[in-house]
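What TrEMBL says about this one:
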TRANSMEM  12-31  transmembrane segment
DOMAIN    73-184  domain 'DUF4340'
REGION    288-307  region 'Disordered'
COMPBIAS  290-299  compositional bias 'Basic and acidic residues'
Amino acid sequence: MMANEGSQRRGLLNLGLLVVVVLLAATVWRVSRPTAPAGHVLVPDLHASDIRHITLTRQGEPKLEFARKAGIWRIVAPLQARANRMLVQSLLALPESRSPRRYTLKGLDLEHYGLAPPRVTIHYGNDHALRLGNLNPVNNLRYALAGKHLYLIQNALADLPESPALRWISLDLLPPDAHIRDLALPNLNIRAKSPSGWTVTPRPTHLMSDQIVRLLQNWSLASAYRVTTGPKAPTDGKPAQPIAITLDNGKTYRFTLISTQPELVLRREGLDIDYHLPADTAKALLALGKPERGDDAKGQGRTARAP
């Protein structure tokens with residue numbers, strides 16, 4: 001009899017432990033399971049990967065157009081230049097952004113919200129458009145009009161949609177993954193030889209391949225901290241110092257060295273814009289650095305590629 005009672009107690013204890021385990025597991029599952037994002041998507045059927053063309057219509061500014069070609073976003077109007085990738089990504093993310101508030105348009109005074117006319121209209125292709133209005137003074141969210149609804153969205157773009165085209169130009173001097181074949185600097189020329197190796201003029205007494213590779217990689221990765229429109233001549237009154245960079249696809253990018261102090265300024269031929277870089281960048285872009293390896297430059301391949 002006592003044995004049966006002990007067995008029953010153990011059974012009840014095991015059952016109680018099982019219930020505790022199940023409750024703990026359910027609690028953990030509720031806490032850890034992913035929750036659906038809150039808010040309303042502005043344009044549910046539009047995804048960044050599907051967008052090929054973006055047009056911004058702004059008050060007081062010319063129409064600004066972007067197009068994706070071979071995976072690279074370019075400004076196609078009012079000028080022709082590679083677009084700043086990070087800024088374009090902010091435009092691409094806008095249709096899928098979420099709004100904590102959504103209002104029907106019936107009875108709303110759109111002029112009060114800066115939407116009649118809108119401050120900016122963003123067209124994604126031919127079928128989708130977003131209109132941006134004023135900031136809400138209470139929560140600093142921006143009014144946006146999509147379809148038949150008014151939304152409040154984070155002001156992630158700030159004043160970018162209303163900025164001139166110059167603000168949208170890529171800060172990178174060369175295209176992504178640029179493979180440099182020839183480099184002509186004011187005091188140095190590097191040309192690829194066939195089938196391999198490099199011709200360097202003037203050639204230093206001691207030249208190692210890593211010096212060439214590093215210099216070309218510095219150019220492949222060079223990025224300015226701002227671009228401006230500048231005067232038509234070098235600021236110090238000296239003759240123009242041309243720079244030419246030819247890629248392995250045959251395209252040549254030409255710059256003029258404007259100054260090295262108090263910052264390095266390079267003017268892009270054809271765009272008439274100045275790229276501003278830190279002054280210490282001049283040493284990395286305009287001359288060979290010190291060798292790091294003991295191999296000779298003769299046996300290296302034709303094209304230096306960015307890592």
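Including glycine, each Cβ sits where the backbone N, Cα and C put it.
Quantities reported herein were computed from a predicted structural model and do not represent experimental measurements.
Per-residue pLDDT, averaged over the domain 'DUF4340' (73-184), rounds to 93. In the domain 'DUF4340' (73-184), helix, strand and coil residues by DSSP number 23 helix, 47 strand, 42 coil.
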